[in-house]
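What TrEMBL says about this protein:
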- 134-185: coiled coil (COILED)
- 343-354: compositional bias 'Low complexity' (COMPBIAS)
- 17-109: domain 'CARD' (DOMAIN)
- 418-493: domain 'PDZ' (DOMAIN)
- 688-809: domain 'Guanylate kinase-like' (DOMAIN)
- 342-361: region 'Disordered' (REGION)
Amino acid sequence: MAGECVPCEGPDPKEMGEEELWELINDNRHRISLGVRPCILIPYLRQARVLTEMDEDEILSCHNLTNRCMRTSYMLDLLRTQGRNGAVALLDGLMIHYPTLYTQVTGRKPSTEPSRFSGLIKYSELTEYLVRAVTGMQKELQEAQREASRVTARCTTLESEIGQIMEQEEKSRCLQAENERMRRHLCSLQREVTKLKDEKCDLYMRYTAAIEDKSAVNKRLHDLNLQVSDAQYRLFCSLGNSDIDRLSYSSLKHKAVISREINLNAQTMIARVLAEKDTLRCQLVELQERVFSPKAKCSPREQRQSSDVISHTNTHQPKHTEIILLMYCPVFVSKETEGGWESLRSSSDESSSPNRRRLRRMDAVNPMSLSSCPSEVRDLLSRTSPPPFLMRSRPKAIRINGRVLSISLQGEALLSQLALVGGNKTGVFVHQVTEGSPAHTVGIGPGAQIVEVKYEQNQKALRMVLEDSTLEEAMWALGQVTGLCHLSLRPRQDDYEALLKQLQNSEISSGDSFYVRVNLSLPVGPNATLAVSCNDILHVTNTRPAGTEDSWHASQVHPCQLLDLQSGTVPNYYRAQRLLIRVIEDMSFQTKKCQKVKTIDAISVHLSDTHLLTVYILSHVGDTFAPKSCVTLMPYTLVTPRYPPICRPVLLLPTILGRILDKKLAGWQGFQLCEHEVLSPCEHAARLQRSEILEECEQGRNCCYTLQSVEKVMKKGIHCVLPLGLDCVRRLHRAEIFPIIIFISQSARSARKLKSKLQRHGQSEEQLLACSRSEEPLLDKLPCLYHSVAPDSWCDQTSLLTSLRTIIWEEQKKIVWVEPDLW
């Protein structure tokens, strides 16, 4: 629009020198990169002889230039090599093709007079060029007219489709009415099921009361017998022989009648209680069948057999029962039988102490210090080991909600009695029950979710919570049961049938679903083994795939969307640990073979109670070995996706270089430097207690960066540049703020490129390198990934800033995968 043109107040480019021209262009480099299409300007620049045919091919066809902005920026770099001619030709091209942009850059109105051109191109050639440009625009106009015709035809087609959709909408309304009627019918059926459950609970209560009545009657009968015997004994002791002879027959007969009446009354009461007990037992078995297996019927013989099995329900259990579960350890707790099932929280605290350092990259292990691992490593990682409960970060306590039925049965070879389906996402359900087995006898049927299992082993009471366990964990847990066990079941017939429908339609392969980050590289193998690299994200959808052993079925995850890409099998947790040990063995062997080292430090392998395999590297100290370092081998790390706001904060490292570049980034549009706050002593103490202070400033007392200052910038919809260190990351994560972390790796050569900038800020190259070496090892301890910039990927500060803008744009689109916070 004419109203937006800037008056002709800027200096004339013809009168400016080379440095002034390029300073003017670089100040508007971002605007030119976004608004110029290289394919439009290149013909004119070719005519002006500031670009060659090879330059044109490199700009338009280079695979490294993935978007238009990068191609335009590269074109500007090539024109910079042509000096003043390149700058003048660029401005003349903008004046012809982008007059508005020319005005914004130079501050002058465009002019097409011959005297205004650079003189780098002849007038005849310019005329020929303009004719070709007009011809090209006419072709584009014709193409636009053809496109308009196609759009018109498409609109006609869409109108007919709209008519069909309206007819389908009418049918859909009819189906919705029918669906509503079926929904009301389903609600009535659910009310009947709830009523049956309440009746079952009432029967359990009556059954318990009957047992208590029977015990009371037996005790009363026993007391009566003792009283009669005691009375008879005292009577005969008080009478002499002559008195006994004179005792009339009638009196003895009277006593016998009284005794018989007492015994008869007691026997009648016992018979009535036993009859009621049998009736309640039959009703209990029938209700178990109706709840757990509505389609199955038990014969009277099976009902009589079920009377020999102890079964009871948690009738007095509150609505929310707290079940203690160990974090980073198997979901079973070992306590002595005398201790019962209480007081388990202390074990949870003890299990969280071992070192949890992970091995993300194989270069973290020095092959020079590793000898071949001892054979007991493979024994520690045998197939009989429990599944990797440790890699799934569970809460310290799980609440089991809803009505739960506890059934006792003989659990010898329990997995041969039950077939399971499901997983941690859907719950683990009973799928099939072996005919005639103890599980079938007590009335367990398909559709019951297994919530918990209790049993005794080696005079220890064990409890395994399977509320959110994977299928692999559940099968291992039930496989450990020997002897009498107690299963806690929850009826979920609707959810079970929905799961079966999804399995039959191949919508899912199991009920398992969780995400892990890979901490090692695995090549492609046989049987559709998935190739993965370090830091890849996998979506595990089946921990017990059919036809494989010690494997998981997983899919690679799209970096920017929660979509599953290529799928296949990967080693499960323990097999991946064995592969990791084998890699370390091979590295140690090759190093020992190549360098012919006779004395190599030893390795001590320890499998802790949390099932984290820890390798201790030992070095010689005299005649003994002393621990030198240790590495905990975790091939997979559980992660969860986070979707941050549109503009995430930016943290540049190492800290010395970040302080230099922070103000440059803050000067860009869409970026703002985080401002510090000066707090009163009371407010400073209060925010410090709430962990709202990110870092203290050096300007003065109680001057600091706070969470509120970061959130204030984020609410504006722009990037907050953080002039902070690594310590702020975990505090930001706890506030659900996930910064973009960019580490600019340093070498002696790259540090020399920043020498003048460092000296201006009172720093040296050696200090920058030392800061980089000290902060880089700390990055792997973060609960999220970071982006690393190679030292040879940039040539000066301008190219580095351009690269940083591209990195921030790419990282903003990605999902943030975060580990559980263990600190």
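The backbone N, Cα and C atoms fix where each Cβ goes, and this holds for glycine too.
Because TrEMBL annotations are produced automatically, they should be read as predictions rather than curated entries.
Broken down by DSSP into helix, strand and coil, the domain 'Guanylate kinase-like' (688-809) contains 57 helix, 20 strand, 45 coil.
Across the domain 'PDZ' (418-493), DSSP helix (H, G, I), strand (E, B) and coil residues number 14 helix, 37 strand, 25 coil. Note on the coiled coil (134-185): mean pLDDT across this stretch is 90. In terms of DSSP helix, strand and coil, the domain 'CARD' (17-109) has 71 helix, 0 strand, 22 coil.
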